[in-house]
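Following: one structure in structure tokens, then a few remarks.
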Amino acid sequence: MVLIRVLANLLILQLSYAQKSSELVIGGHPCNINEHPFLVLVYHDGYQCGGTLINEEWVLTAAHCDGKKMKLQFGLHSKNVPNKDKQTRVPKEKFFCLSSKNFIKWGKDIMLIRLNRPVNNSTHIAPLSLPSSPPSQNTVCNIMGWGTISPTKEIYPDVPHCANINILDHAVCRAFYPGLLEKSKTLCAGILQGGKDICQGDSGGPLICNGQIQGIVSVGGDPCAEPRVPAIYTKVFDHLDWIKSIIAGNTAATCPL
């Protein structure tokens with residue numbers, strides 16, 4: 001029986017794919033080194049998440065990725081052979097939709113992090129654009145991260161893996177996730193046939209559609225990549241006003257209802 005879970009390895013999510021004998025994921029591939037300058041590795045106390053650089057001083061990730069002694073790495077591709085322009089920062093401030101940090105509430109799994117100092121744009125570090133409009137159904141989008149590449153074993157790659165998935169009708173997710181509201185501020189995305197999905201270790205990572213961040217990895221099935229069990233992503237477009245207000249200095253801004 002497939003169980004619902006917050007895709008976290010003790011508070012974290014990761015991309016998940018079934019493996020081929022070549023050690024590549026089914027339907028996915030190791031990301032090109034120049035394919036993800038906005039991708040952030042968020043980690044604390046042995047846990048890891050993904051994140052997205054949206055300007056030189058701000059990162060978007062999932063609320064359930066929060067933790068003490070958090071660090072963020074930028075410009076990272078291979079964990080074993082870091083790029084020369086890799087940079088590390090820590091949070092200066094964190095902002096959440098709910099003061100209780102109750103990220104389980106659909107559409108509230110979002111955290112905006114202000115860095116202790118801006119990063120310097122470089123060959124492997126550059127921000128990703130916020131959405132200009134929401135994605136339509138059947139849009140092909142990209143997921144990526146250093147998460148486990150097996151749905152049944154925790155096998156973490158040295159470099160992030162990338163795969164394409166589709167924006168699906170919200171009804172597909174509502175059929176599996178009890179309590180998911182029709183108008184919740186989330187996106188339903190995946191492959192109905194299974195085989196490509198997010199999994200443990202990539203919570204907070206981006207769902208990228210047409211060169212813009214449209215979603216934040218939030219919740220998925222267990223095991224990962226099961227047929228007709230897509231994942232849920234916090235919908236960035238519905239939080240644009242909140243994000244822009246916080247960045248502009250209005251720290252009292254409230255999230256959409």
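Each residue's number is its place along the chain shown, starting with 1.
Positions of Cβ are set from backbone N, Cα and C atoms, glycine also.
Here Swiss-Prot flags His64, Asp109, Ser203 as active site, charge relay system. Swiss-Prot lists Cys31-Cys162, Cys49-Cys65, Cys97-Cys255, Cys141-Cys209, Cys173-Cys188, Cys199-Cys224 with the feature disulfide bond. The domain 'Peptidase S1' annotation in Swiss-Prot covers 25-248. Residues or ranges marked as N-linked glycosylation site in Swiss-Prot: Asn120, Asn121. The signal peptide feature in Swiss-Prot is assigned to 1-18; the stated evidence is sequence analysis.
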Cys49 (disulfide bond), Cβ-centred 10 Å count of other Cβ atoms over all protein chains shown, is 33
For His64 (active site, charge relay system), name the DSSP secondary structure in the helix/strand/coil scheme.
helix
Those recorded positions of Asp109, Cys162, Ser203, Cys255 having Cα within 10 angstroms of His64 (active site, charge relay system):
Asp109, Ser203
Per-residue Cβ crowding (10 Å cut-off), top of recorded positions His64, Asn121, Ser203, Cys209:
Ser203
Top Cα neighbour of Cys49 (disulfide bond) in the set of recorded positions Asn120, Asn121, Cys188, Ser203:
Ser203
Looking only at DSSP and grouping its letters into three states, which state does Cys97 (disulfide bond) belong to?
coil
Between Cys162 (disulfide bond) and Cys224 (disulfide bond): CA-CA distance (Å)
15
Mean per-residue pLDDT in the domain 'Peptidase S1' (25-248) works out to 92
What three-state secondary structure does DSSP assign to Asn121 (N-linked glycosylation site)?
coil
Cα of Cys209 (disulfide bond) to Cα of Cys162 (disulfide bond), in Å and rounded, measures 13
Do you see any of the recorded positions Asn120, Cys141, Cys162, Cys188 whose C-alpha is within 10 Å of Cys65 (disulfide bond), and which ones?
none
My understanding is the cutoff is Cβ-Cβ under 8 Å with a sequence separation of 6 or more in the same chain; which residues meet that for Cys31 (disulfide bond)?
His77, Met144, Val159, Pro160, His161, Cys162
